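J.: Under the heading active site, nucleophile, Swiss-Prot lists 86, citing similarity to another entry as support. Taken from Swiss-Prot, the feature active site applies to 181, 183. Taken from Swiss-Prot, the feature ATP binding site applies to 235, 236, 237, 238, 239, 240, 241. The domain 'Glutamine amidotransferase type-1' feature in Swiss-Prot is assigned to 9-207. What Swiss-Prot records for 208-400 is domain 'GMPS ATP-PPase'.
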(Lines of atoms letter the chains of each structure in order from A and count residues from 1; the text may use other names and numbers.)
(Lines give C-alpha, C1' and ligand atoms only; values in the text may rest on other atoms or scores of the structure.)
Protein backbone atom coordinates (compact mmCIF):
# COMPACT_ATOMS: atom_id res chain seq x y z
CA UNK A 1 0.00 0.00 0.00
CA UNK A 2 1.36 3.38 -0.98
CA UNK A 3 -0.77 5.26 1.54
CA UNK A 4 -2.48 4.59 4.85
CA UNK A 5 -6.14 5.42 4.25
CA UNK A 6 -6.74 5.40 8.03
CA UNK A 7 -4.02 7.98 8.75
CA UNK A 8 -6.31 11.01 8.50
CA UNK A 9 -9.07 10.13 10.93
CA UNK A 10 -11.90 11.74 12.84
CA UNK A 11 -13.08 10.55 16.26
CA UNK A 12 -16.83 10.74 16.95
CA UNK A 13 -17.86 10.44 20.60
CA UNK A 14 -21.38 9.09 21.05
CA UNK A 15 -23.64 10.53 23.76
CA UNK A 16 -26.64 8.40 22.77
CA UNK A 17 -28.08 10.27 19.78
CA UNK A 18 -30.11 8.42 17.16
CA UNK A 19 -28.13 10.42 14.58
CA UNK A 20 -24.57 9.43 15.61
CA UNK A 21 -24.15 6.81 12.88
CA UNK A 22 -25.45 9.34 10.38
CA UNK A 23 -22.62 11.73 11.33
CA UNK A 24 -20.11 8.96 10.67
CA UNK A 25 -21.70 8.09 7.33
CA UNK A 26 -21.51 11.73 6.26
CA UNK A 27 -17.83 12.01 7.24
CA UNK A 28 -17.09 8.82 5.28
CA UNK A 29 -19.08 10.22 2.34
CA UNK A 30 -16.75 13.23 2.41
CA UNK A 31 -13.88 10.74 1.98
CA UNK A 32 -12.40 10.61 5.48
CA UNK A 33 -12.12 7.64 7.83
CA UNK A 34 -13.84 7.99 11.19
CA UNK A 35 -14.84 5.82 14.11
CA UNK A 36 -17.63 6.04 16.68
CA UNK A 37 -16.69 5.44 20.31
CA UNK A 38 -18.69 5.88 23.53
CA UNK A 39 -18.40 9.19 25.39
CA UNK A 40 -16.54 7.46 28.25
CA UNK A 41 -13.66 6.36 26.00
CA UNK A 42 -10.50 6.48 28.10
CA UNK A 43 -8.07 9.38 27.79
CA UNK A 44 -5.33 6.90 26.86
CA UNK A 45 -7.43 5.40 24.06
CA UNK A 46 -8.27 8.85 22.67
CA UNK A 47 -4.60 9.85 22.61
CA UNK A 48 -3.64 6.52 21.00
CA UNK A 49 -6.35 6.96 18.35
CA UNK A 50 -4.57 10.19 17.28
CA UNK A 51 -7.51 11.92 15.56
CA UNK A 52 -7.08 14.92 13.27
CA UNK A 53 -10.31 16.25 14.80
CA UNK A 54 -13.06 15.26 17.23
CA UNK A 55 -16.84 15.49 16.89
CA UNK A 56 -18.97 15.43 20.04
CA UNK A 57 -22.32 14.02 18.90
CA UNK A 58 -25.78 14.72 20.28
CA UNK A 59 -27.68 12.85 22.95
CA UNK A 60 -30.98 12.73 24.85
CA UNK A 61 -29.61 13.78 28.25
CA UNK A 62 -29.54 17.17 29.96
CA UNK A 63 -26.19 18.49 31.19
CA UNK A 64 -27.98 19.46 34.42
CA UNK A 65 -28.55 15.86 35.46
CA UNK A 66 -26.08 14.63 38.06
CA UNK A 67 -24.88 11.63 36.07
CA UNK A 68 -25.17 13.14 32.59
CA UNK A 69 -22.36 12.17 30.22
CA UNK A 70 -19.29 14.36 29.85
CA UNK A 71 -16.51 14.52 27.28
CA UNK A 72 -13.19 13.04 28.47
CA UNK A 73 -10.46 15.55 29.37
CA UNK A 74 -8.22 14.29 26.55
CA UNK A 75 -10.67 15.85 24.07
CA UNK A 76 -9.49 19.27 25.23
CA UNK A 77 -5.88 18.35 26.05
CA UNK A 78 -5.14 17.06 22.53
CA UNK A 79 -5.58 20.55 21.08
CA UNK A 80 -7.07 19.26 17.82
CA UNK A 81 -10.15 20.85 16.18
CA UNK A 82 -13.36 20.15 18.08
CA UNK A 83 -16.96 20.24 16.82
CA UNK A 84 -19.86 19.90 19.28
CA UNK A 85 -23.28 19.05 17.82
CA UNK A 86 -26.46 19.61 19.90
CA UNK A 87 -25.74 17.96 23.30
CA UNK A 88 -22.08 17.88 22.25
CA UNK A 89 -22.12 21.69 22.05
CA UNK A 90 -23.82 21.95 25.44
CA UNK A 91 -21.42 19.69 27.35
CA UNK A 92 -18.47 21.33 25.60
CA UNK A 93 -19.71 24.78 26.66
CA UNK A 94 -20.34 23.78 30.28
CA UNK A 95 -17.09 21.82 30.67
CA UNK A 96 -15.13 24.83 29.39
CA UNK A 97 -16.78 27.30 31.79
CA UNK A 98 -19.93 28.37 29.94
CA UNK A 99 -23.54 27.99 31.07
CA UNK A 100 -26.43 25.86 29.82
CA UNK A 101 -30.06 26.31 30.82
CA UNK A 102 -33.37 24.62 30.12
CA UNK A 103 -35.46 26.45 27.53
CA UNK A 104 -39.11 27.46 27.90
CA UNK A 105 -39.47 26.99 24.16
CA UNK A 106 -38.12 23.68 22.87
CA UNK A 107 -37.15 23.48 19.21
CA UNK A 108 -37.91 20.32 17.23
CA UNK A 109 -37.94 20.32 13.45
CA UNK A 110 -37.15 22.91 10.80
CA UNK A 111 -35.70 26.24 11.84
CA UNK A 112 -33.94 29.13 10.19
CA UNK A 113 -30.79 30.37 11.87
CA UNK A 114 -29.26 33.75 11.16
CA UNK A 115 -25.48 33.73 10.72
CA UNK A 116 -24.56 36.75 12.85
CA UNK A 117 -20.81 36.18 13.29
CA UNK A 118 -17.80 35.20 11.20
CA UNK A 119 -15.84 31.96 11.51
CA UNK A 120 -14.17 29.46 9.19
CA UNK A 121 -16.87 26.87 9.85
CA UNK A 122 -19.65 28.78 8.06
CA UNK A 123 -17.72 31.22 5.88
CA UNK A 124 -19.43 31.41 2.47
CA UNK A 125 -22.10 28.86 3.43
CA UNK A 126 -25.71 30.08 3.40
CA UNK A 127 -29.22 29.31 2.11
CA UNK A 128 -30.58 32.87 2.16
CA UNK A 129 -29.48 36.48 2.26
CA UNK A 130 -32.17 38.88 3.55
CA UNK A 131 -32.63 42.55 2.64
CA UNK A 132 -30.31 43.62 5.46
CA UNK A 133 -27.56 41.32 4.22
CA UNK A 134 -28.01 38.81 7.05
CA UNK A 135 -27.15 35.27 5.99
CA UNK A 136 -29.57 32.47 6.85
CA UNK A 137 -29.40 28.68 7.02
CA UNK A 138 -32.28 26.18 6.90
CA UNK A 139 -31.51 23.62 9.61
CA UNK A 140 -33.00 20.80 11.68
CA UNK A 141 -33.25 21.42 15.42
CA UNK A 142 -33.94 18.89 18.17
CA UNK A 143 -33.22 20.30 21.64
CA UNK A 144 -34.64 21.47 24.95
CA UNK A 145 -31.60 22.95 26.74
CA UNK A 146 -29.52 25.74 25.25
CA UNK A 147 -26.19 27.48 25.84
CA UNK A 148 -26.83 30.84 27.56
CA UNK A 149 -23.25 31.86 28.29
CA UNK A 150 -20.24 30.93 26.16
CA UNK A 151 -16.83 29.92 27.50
CA UNK A 152 -13.98 32.42 27.23
CA UNK A 153 -12.64 32.81 23.69
CA UNK A 154 -15.93 32.01 21.91
CA UNK A 155 -18.22 34.34 19.99
CA UNK A 156 -21.76 33.89 18.68
CA UNK A 157 -21.82 32.49 15.16
CA UNK A 158 -25.55 31.95 14.58
CA UNK A 159 -28.84 32.51 16.40
CA UNK A 160 -32.61 32.02 16.32
CA UNK A 161 -35.23 34.07 18.23
CA UNK A 162 -35.60 31.33 20.85
CA UNK A 163 -31.94 30.23 20.87
CA UNK A 164 -29.62 33.28 20.76
CA UNK A 165 -26.50 31.06 20.77
CA UNK A 166 -27.43 28.54 18.04
CA UNK A 167 -23.78 28.25 17.01
CA UNK A 168 -20.53 29.42 18.60
CA UNK A 169 -16.94 29.56 17.43
CA UNK A 170 -13.38 29.97 18.64
CA UNK A 171 -11.29 30.08 15.45
CA UNK A 172 -8.01 30.39 17.38
CA UNK A 173 -8.43 26.92 18.88
CA UNK A 174 -10.64 25.60 16.04
CA UNK A 175 -13.42 24.85 18.52
CA UNK A 176 -16.99 25.03 17.21
CA UNK A 177 -20.47 24.19 18.45
CA UNK A 178 -23.85 24.10 16.70
CA UNK A 179 -27.24 23.49 18.29
CA UNK A 180 -28.66 22.11 15.03
CA UNK A 181 -27.93 18.81 13.25
CA UNK A 182 -25.71 19.21 10.15
CA UNK A 183 -25.74 15.43 9.59
CA UNK A 184 -29.43 15.17 8.61
CA UNK A 185 -30.55 15.95 5.06
CA UNK A 186 -33.10 18.48 6.37
CA UNK A 187 -30.14 20.78 7.11
CA UNK A 188 -29.56 21.74 3.48
CA UNK A 189 -25.93 22.86 3.84
CA UNK A 190 -25.09 20.19 6.42
CA UNK A 191 -22.68 18.24 4.24
CA UNK A 192 -20.82 21.44 3.31
CA UNK A 193 -20.52 22.36 7.00
CA UNK A 194 -19.15 18.92 7.90
CA UNK A 195 -16.82 19.05 4.86
CA UNK A 196 -15.53 22.44 5.99
CA UNK A 197 -14.72 21.05 9.43
CA UNK A 198 -13.21 17.73 8.30
CA UNK A 199 -11.28 18.79 5.18
CA UNK A 200 -10.42 22.45 5.72
CA UNK A 201 -10.26 22.93 9.48
CA UNK A 202 -8.92 19.47 10.45
CA UNK A 203 -6.80 19.26 7.29
CA UNK A 204 -7.81 15.70 6.41
CA UNK A 205 -7.19 14.38 2.91
CA UNK A 206 -10.06 12.54 1.19
CA UNK A 207 -8.35 9.13 1.09
CA UNK A 208 -11.43 7.06 2.01
CA UNK A 209 -12.64 6.16 -1.50
CA UNK A 210 -14.07 2.88 -2.86
CA UNK A 211 -10.98 2.05 -4.92
CA UNK A 212 -8.64 2.81 -1.99
CA UNK A 213 -10.81 0.78 0.39
CA UNK A 214 -10.70 -2.23 -1.97
CA UNK A 215 -6.91 -1.98 -2.33
CA UNK A 216 -6.49 -1.64 1.44
CA UNK A 217 -8.83 -4.58 2.17
CA UNK A 218 -7.04 -6.83 -0.33
CA UNK A 219 -3.65 -6.00 1.20
CA UNK A 220 -5.00 -6.56 4.72
CA UNK A 221 -6.56 -9.93 3.84
CA UNK A 222 -3.40 -11.15 2.10
CA UNK A 223 -1.29 -10.14 5.10
CA UNK A 224 -3.66 -11.87 7.55
CA UNK A 225 -4.32 -15.06 5.59
CA UNK A 226 -1.01 -15.72 3.85
CA UNK A 227 -1.30 -19.00 1.95
CA UNK A 228 -4.01 -20.48 4.24
CA UNK A 229 -7.48 -21.56 3.16
CA UNK A 230 -10.58 -19.52 3.95
CA UNK A 231 -14.20 -20.63 4.30
CA UNK A 232 -17.20 -18.34 3.73
CA UNK A 233 -20.92 -18.92 4.24
CA UNK A 234 -22.46 -17.43 1.10
CA UNK A 235 -26.11 -16.41 1.41
CA UNK A 236 -26.64 -14.40 -1.76
CA UNK A 237 -27.20 -11.26 0.30
CA UNK A 238 -25.21 -8.07 -0.32
CA UNK A 239 -22.72 -8.45 2.53
CA UNK A 240 -21.66 -12.06 1.91
CA UNK A 241 -21.62 -11.47 -1.87
CA UNK A 242 -19.24 -8.52 -1.50
CA UNK A 243 -17.03 -10.53 0.89
CA UNK A 244 -16.93 -13.38 -1.66
CA UNK A 245 -15.96 -11.05 -4.52
CA UNK A 246 -13.36 -9.26 -2.39
CA UNK A 247 -11.74 -12.43 -1.04
CA UNK A 248 -11.74 -14.07 -4.47
CA UNK A 249 -9.88 -11.06 -5.85
CA UNK A 250 -7.46 -11.13 -2.90
CA UNK A 251 -6.70 -14.86 -2.54
CA UNK A 252 -8.34 -16.67 -5.47
CA UNK A 253 -8.64 -20.45 -5.00
CA UNK A 254 -7.72 -20.26 -1.31
CA UNK A 255 -11.40 -19.31 -0.81
CA UNK A 256 -14.18 -21.90 -0.61
CA UNK A 257 -17.80 -20.79 -0.18
CA UNK A 258 -20.60 -22.88 1.29
CA UNK A 259 -24.08 -21.96 0.09
CA UNK A 260 -26.78 -23.48 2.31
CA UNK A 261 -30.04 -23.89 0.38
CA UNK A 262 -32.60 -24.10 3.18
CA UNK A 263 -35.72 -24.25 1.01
CA UNK A 264 -36.73 -20.81 2.28
CA UNK A 265 -35.11 -18.71 -0.45
CA UNK A 266 -36.69 -16.55 -3.14
CA UNK A 267 -37.66 -18.00 -6.53
CA UNK A 268 -34.58 -19.33 -8.42
CA UNK A 269 -32.29 -17.69 -5.84
CA UNK A 270 -30.07 -20.73 -5.35
CA UNK A 271 -29.49 -21.10 -9.08
CA UNK A 272 -28.77 -17.37 -9.41
CA UNK A 273 -26.15 -17.46 -6.65
CA UNK A 274 -24.42 -20.44 -8.26
CA UNK A 275 -24.53 -18.81 -11.70
CA UNK A 276 -23.07 -15.53 -10.43
CA UNK A 277 -20.23 -16.86 -8.29
CA UNK A 278 -19.40 -20.36 -9.48
CA UNK A 279 -19.97 -19.95 -13.22
CA UNK A 280 -19.33 -16.24 -13.91
CA UNK A 281 -16.62 -15.45 -11.34
CA UNK A 282 -15.00 -18.85 -10.93
CA UNK A 283 -15.40 -18.93 -7.15
CA UNK A 284 -15.35 -22.38 -5.51
CA UNK A 285 -18.89 -22.80 -4.16
CA UNK A 286 -20.33 -25.89 -2.45
CA UNK A 287 -24.13 -25.97 -2.58
CA UNK A 288 -25.67 -27.81 0.38
CA UNK A 289 -29.26 -28.76 -0.44
CA UNK A 290 -30.83 -28.95 3.02
CA UNK A 291 -34.48 -28.12 2.33
CA UNK A 292 -35.81 -31.37 3.82
CA UNK A 293 -33.77 -30.95 7.00
CA UNK A 294 -34.91 -27.35 7.58
CA UNK A 295 -38.59 -28.00 6.80
CA UNK A 296 -38.54 -31.16 8.91
CA UNK A 297 -37.24 -29.26 11.94
CA UNK A 298 -39.80 -26.49 11.44
CA UNK A 299 -42.81 -28.83 11.22
CA UNK A 300 -45.40 -27.98 13.86
CA UNK A 301 -43.54 -24.85 15.08
CA UNK A 302 -45.56 -21.62 14.96
CA UNK A 303 -43.70 -19.30 17.37
CA UNK A 304 -41.59 -16.74 15.41
CA UNK A 305 -38.70 -16.67 17.90
CA UNK A 306 -38.51 -20.46 17.99
CA UNK A 307 -38.55 -20.61 14.18
CA UNK A 308 -35.62 -18.18 14.03
CA UNK A 309 -33.63 -20.24 16.52
CA UNK A 310 -34.32 -23.53 14.71
CA UNK A 311 -33.28 -22.01 11.38
CA UNK A 312 -30.14 -20.55 12.97
CA UNK A 313 -29.15 -23.81 14.67
CA UNK A 314 -29.83 -25.89 11.56
CA UNK A 315 -27.81 -23.50 9.39
CA UNK A 316 -24.85 -23.86 11.74
CA UNK A 317 -25.21 -27.65 11.76
CA UNK A 318 -25.31 -27.90 7.94
CA UNK A 319 -22.45 -25.43 7.59
CA UNK A 320 -20.45 -27.42 10.14
CA UNK A 321 -21.06 -30.67 8.22
CA UNK A 322 -19.72 -29.12 5.01
CA UNK A 323 -16.80 -27.44 6.76
CA UNK A 324 -15.56 -30.68 8.32
CA UNK A 325 -15.33 -32.23 4.83
CA UNK A 326 -12.75 -29.62 3.85
CA UNK A 327 -9.08 -30.01 4.68
CA UNK A 328 -6.73 -27.46 6.24
CA UNK A 329 -9.17 -24.55 6.49
CA UNK A 330 -7.74 -22.04 8.96
CA UNK A 331 -9.94 -18.96 8.52
CA UNK A 332 -13.68 -18.29 8.55
CA UNK A 333 -14.83 -15.19 6.66
CA UNK A 334 -17.91 -13.27 7.78
CA UNK A 335 -19.87 -10.33 6.38
CA UNK A 336 -19.81 -8.36 9.63
CA UNK A 337 -20.31 -4.64 8.94
CA UNK A 338 -19.65 -1.57 11.10
CA UNK A 339 -23.18 -1.18 12.54
CA UNK A 340 -22.89 -4.79 13.81
CA UNK A 341 -19.67 -3.83 15.59
CA UNK A 342 -21.30 -0.74 17.12
CA UNK A 343 -24.42 -2.66 18.21
CA UNK A 344 -22.29 -5.42 19.71
CA UNK A 345 -20.41 -2.82 21.75
CA UNK A 346 -23.75 -1.30 22.79
CA UNK A 347 -25.03 -4.68 23.92
CA UNK A 348 -22.04 -5.05 26.25
CA UNK A 349 -23.14 -1.92 28.12
CA UNK A 350 -26.50 -3.55 28.83
CA UNK A 351 -28.42 -0.74 27.13
CA UNK A 352 -29.47 -2.66 24.06
CA UNK A 353 -32.97 -4.16 23.92
CA UNK A 354 -33.56 -7.27 21.83
CA UNK A 355 -36.69 -6.97 19.67
CA UNK A 356 -35.97 -9.97 17.45
CA UNK A 357 -33.10 -12.42 17.80
CA UNK A 358 -30.62 -12.47 14.93
CA UNK A 359 -30.62 -15.79 13.07
CA UNK A 360 -26.92 -16.35 13.71
CA UNK A 361 -26.81 -15.34 17.38
CA UNK A 362 -24.76 -17.91 19.24
CA UNK A 363 -22.36 -18.24 16.35
CA UNK A 364 -20.61 -21.37 15.20
CA UNK A 365 -19.74 -24.32 17.46
CA UNK A 366 -16.78 -23.71 19.77
CA UNK A 367 -14.91 -26.75 18.44
CA UNK A 368 -14.66 -25.10 15.01
CA UNK A 369 -11.29 -23.51 15.62
CA UNK A 370 -11.25 -20.87 12.92
CA UNK A 371 -9.70 -17.44 12.98
CA UNK A 372 -12.10 -14.76 11.72
CA UNK A 373 -11.64 -12.72 8.56
CA UNK A 374 -14.02 -9.75 8.50
CA UNK A 375 -13.03 -7.46 5.61
CA UNK A 376 -16.19 -5.30 5.86
CA UNK A 377 -16.17 -4.66 9.61
CA UNK A 378 -15.18 -0.99 9.14
CA UNK A 379 -17.88 -0.28 6.53
CA UNK A 380 -21.45 1.00 6.62
CA UNK A 381 -24.03 -0.66 4.36
CA UNK A 382 -23.93 2.14 1.77
CA UNK A 383 -20.14 1.76 1.61
CA UNK A 384 -20.46 -2.02 1.18
CA UNK A 385 -22.67 -1.43 -1.86
CA UNK A 386 -20.14 0.99 -3.38
CA UNK A 387 -17.38 -1.58 -2.81
CA UNK A 388 -19.54 -4.20 -4.54
CA UNK A 389 -19.84 -2.02 -7.64
CA UNK A 390 -16.10 -1.31 -7.50
CA UNK A 391 -15.50 -5.09 -7.54
CA UNK A 392 -17.72 -5.51 -10.60
CA UNK A 393 -20.83 -7.03 -9.03
CA UNK A 394 -24.07 -6.22 -10.93
CA UNK A 395 -26.04 -3.17 -9.78
CA UNK A 396 -29.21 -5.22 -9.28
CA UNK A 397 -27.42 -7.59 -6.93
CA UNK A 398 -25.68 -4.86 -4.95
CA UNK A 399 -28.83 -2.75 -4.56
CA UNK A 400 -31.20 -5.66 -3.97
CA UNK A 401 -33.67 -5.24 -1.13
CA UNK A 402 -32.69 -6.75 2.24
CA UNK A 403 -33.75 -10.34 2.86
CA UNK A 404 -33.94 -11.73 6.41
CA UNK A 405 -31.49 -14.43 7.47
CA UNK A 406 -34.30 -16.93 8.20
CA UNK A 407 -35.67 -16.19 4.71
CA UNK A 408 -39.30 -17.03 4.00
CA UNK A 409 -39.42 -18.74 7.39
CA UNK A 410 -40.41 -15.44 8.99
CA UNK A 411 -42.60 -14.34 6.07
CA UNK A 412 -44.85 -17.36 6.50
CA UNK A 413 -46.94 -16.60 9.58
CA UNK A 414 -47.20 -19.58 11.91
CA UNK A 415 -46.08 -23.04 10.84
CA UNK A 416 -43.80 -23.33 7.81
CA UNK A 417 -44.76 -25.89 5.15
CA UNK A 418 -43.31 -26.54 1.69
CA UNK A 419 -46.72 -25.79 0.13
CA UNK A 420 -46.75 -22.35 1.78
CA UNK A 421 -43.15 -21.60 0.79
CA UNK A 422 -43.82 -22.51 -2.86
CA UNK A 423 -46.92 -20.28 -3.02
CA UNK A 424 -45.12 -17.41 -1.31
CA UNK A 425 -42.10 -17.68 -3.64
CA UNK A 426 -44.34 -17.30 -6.69
CA UNK A 427 -46.33 -14.40 -5.23
CA UNK A 428 -43.19 -12.57 -4.13
CA UNK A 429 -41.64 -13.02 -7.58
CA UNK A 430 -44.71 -11.44 -9.24
CA UNK A 431 -44.67 -8.48 -6.82
CA UNK A 432 -40.97 -7.75 -7.40
CA UNK A 433 -41.33 -8.23 -11.18
CA UNK A 434 -44.13 -5.65 -11.34
CA UNK A 435 -42.31 -3.20 -9.06
CA UNK A 436 -39.44 -3.28 -11.55
CA UNK A 437 -41.80 -2.97 -14.54
CA UNK A 438 -43.46 0.11 -13.00
CA UNK A 439 -40.03 1.56 -12.04
CA UNK A 440 -40.88 1.40 -8.33
CA UNK A 441 -38.36 -1.19 -7.12
CA UNK A 442 -35.58 1.28 -6.31
CA UNK A 443 -38.08 3.85 -5.01
CA UNK A 444 -38.91 1.44 -2.21
CA UNK A 445 -36.38 0.34 0.40
CA UNK A 446 -37.88 -3.10 0.96
CA UNK A 447 -40.81 -4.92 -0.61
CA UNK A 448 -42.07 -8.46 -0.15
CA UNK A 449 -45.11 -10.69 0.27
CA UNK A 450 -46.27 -12.26 3.54
CA UNK A 451 -48.15 -15.59 3.63
CA UNK A 452 -51.08 -15.61 6.05
CA UNK A 453 -52.35 -18.99 7.29
CA UNK A 454 -56.00 -18.08 6.77
CA UNK A 455 -58.30 -18.93 3.88
CA UNK A 456 -60.79 -16.70 2.11
CA UNK A 457 -63.54 -17.30 -0.42
CA UNK A 458 -62.95 -16.22 -3.99
CA UNK A 459 -64.68 -16.60 -7.34
CA UNK A 460 -62.80 -17.85 -10.39
CA UNK A 461 -64.90 -18.13 -13.55
CA UNK A 462 -68.11 -19.85 -12.52
CA UNK A 463 -66.44 -21.65 -9.63
CA UNK A 464 -65.94 -20.88 -5.97
CA UNK A 465 -62.38 -20.95 -4.64
CA UNK A 466 -61.46 -21.25 -0.95
CA UNK A 467 -57.75 -20.47 -0.80
CA UNK A 468 -54.99 -18.67 1.07
CA UNK A 469 -54.50 -14.93 1.72
CA UNK A 470 -51.26 -12.99 1.19
CA UNK A 471 -50.26 -9.45 2.15
CA UNK A 472 -48.04 -7.13 0.13
CA UNK A 473 -45.56 -5.05 2.14
CA UNK A 474 -43.48 -2.15 0.78
CA UNK A 475 -41.73 0.56 2.79
CA UNK A 476 -39.57 3.63 2.29
CA UNK A 477 -36.82 4.32 4.80
CA UNK A 478 -33.39 5.89 5.16
CA UNK A 479 -32.03 3.83 8.05
CA UNK A 480 -34.59 1.04 8.70
CA UNK A 481 -35.00 2.41 12.24
CA UNK A 482 -38.18 4.15 11.12
CA UNK A 483 -40.11 3.46 7.91
CA UNK A 484 -43.17 4.73 6.05
CA UNK A 485 -45.42 2.40 4.06
CA UNK A 486 -44.85 3.04 0.36
CA UNK A 487 -47.70 4.84 -1.40
CA UNK A 488 -47.66 2.60 -4.46
CA UNK A 489 -49.88 3.53 -7.43
CA UNK A 490 -53.28 1.82 -7.48
CA UNK A 491 -52.55 0.60 -11.02
CA UNK A 492 -49.48 -1.26 -9.75
CA UNK A 493 -51.32 -2.80 -6.80
CA UNK A 494 -54.18 -3.84 -9.08
CA UNK A 495 -51.80 -5.49 -11.56
CA UNK A 496 -49.97 -7.38 -8.81
CA UNK A 497 -53.22 -8.54 -7.19
CA UNK A 498 -54.73 -9.70 -10.49
CA UNK A 499 -51.58 -11.59 -11.49
CA UNK A 500 -51.18 -13.34 -8.14
CA UNK A 501 -54.81 -14.47 -7.98
CA UNK A 502 -54.99 -15.50 -11.65
CA UNK A 503 -51.58 -17.17 -11.90
CA UNK A 504 -51.39 -18.91 -8.51
CA UNK A 505 -54.21 -21.37 -7.88
CA UNK A 506 -53.63 -21.56 -4.12
CA UNK A 507 -54.21 -17.85 -3.39
CA UNK A 508 -57.64 -16.18 -3.42
CA UNK A 509 -57.06 -12.76 -1.86
CA UNK A 510 -54.32 -10.08 -1.78
CA UNK A 511 -54.11 -7.32 0.86
CA UNK A 512 -51.75 -4.33 1.23
CA UNK A 513 -50.09 -3.51 4.55
CA UNK A 514 -50.35 0.22 5.35
CA UNK A 515 -48.56 0.11 8.73
CA UNK A 516 -45.53 2.33 9.34
CA UNK A 517 -42.60 1.69 11.71
CA UNK A 518 -43.14 2.45 14.52
CA UNK A 519 -45.51 1.10 15.75
CA UNK A 520 -45.25 -1.91 13.40
CA UNK A 521 -41.94 -3.56 12.51
CA UNK A 522 -41.03 -3.95 8.82
CA UNK A 523 -41.13 -7.75 8.87
CA UNK A 524 -44.31 -9.35 10.22
CA UNK A 525 -42.40 -11.80 12.41
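Residue positions begin at 1 at the first shown residue.
Backbone N, Cα and C define each Cβ position, glycine as well.
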J.: For residue 181 (active site), just give me the three-state DSSP call.
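T.: SS state of residue 181 (active site) = coil.
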J.: Just to verify a number: CA distance, residue 241 (ATP binding site) to residue 181 (active site), in angstrom, no decimals.
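T.: Cα-Cα distance, residue 241 (ATP binding site) to residue 181 (active site): 34 Å.
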J.: Which recorded positions (181, 183, 235, 237) fall within 10 Å of the residue listed as 'active site, nucleophile' by Cα distance?
T.: 181
J.: Can you list, in sequence order, the residues of the same chain other than 235, 236, 237, 238, 239, 240, 241 whose CB lies within 8 Å of the CB centroid of the ATP site?
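T.: Everything else in range on the chain: 234, 242, 243, 335.
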J.: Same-chain residues six or more away whose CB lies under 8 A from the CB of residue 239 (ATP binding site)?
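T.: 335, 337, 376, 384 - these are the non-local Cβ neighbours of residue 239 (ATP binding site), listed in sequence order.
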J.: Where does the mean pLDDT land for the domain 'GMPS ATP-PPase' (208-400)?
T.: 87
J.: Once near-sequence residues are set aside, which residues in the chain of residue 235 (ATP binding site), 6 or more away, have Cβ atoms under 8 Å from its Cβ?
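T.: 259, 260, 405 - these are the non-local Cβ neighbours of residue 235 (ATP binding site), listed in sequence order.
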J.: Pick out which of the binding-site residues 236, 237 has the most other Cβ atoms within 10 Å of its own Cβ.
T.: 236
J.: Give the sequence-ordered list of residues that share a chain with residue 240 (ATP binding site), lie 6 or more positions from it, and have CB atoms under 8 Å from its CB.
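T.: Sequence-distant Cβ neighbours: 232, 233, 234, 335.
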J.: Using DSSP and three states only, what is residue 236 (ATP binding site)?
T.: coil
J.: Translate the DSSP assignment of residue 86 (active site, nucleophile) into the three-state scheme.
T.: coil
J.: If I take the Cα of residue 181 (active site) as reference, which of the binding-site residues 236, 237, 238 has the closest Cα?
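T.: Spatially nearest to residue 181 (active site) by Cα position is 238.
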J.: Might you list, by sequence position, any residue in that chain lying six or more from residue 183 (active site) with a Cβ less than 8 Å away from its Cβ?
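T.: Those within reach of residue 183 (active site), by Cβ under 8 Å and sequence separation of 6 or more, are 19, 22, 23, 25, 26, 85, 190, 194.
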J.: Please list residues from the chain of residue 238 (ATP binding site) whose Cβ is under 8 angstroms from its Cβ, counting only those at least six apart in sequence.
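T.: Once residues fewer than 6 apart are set aside, residue 238 (ATP binding site) is near 381, 384, 385, 388, 397, 398, 400, 402.
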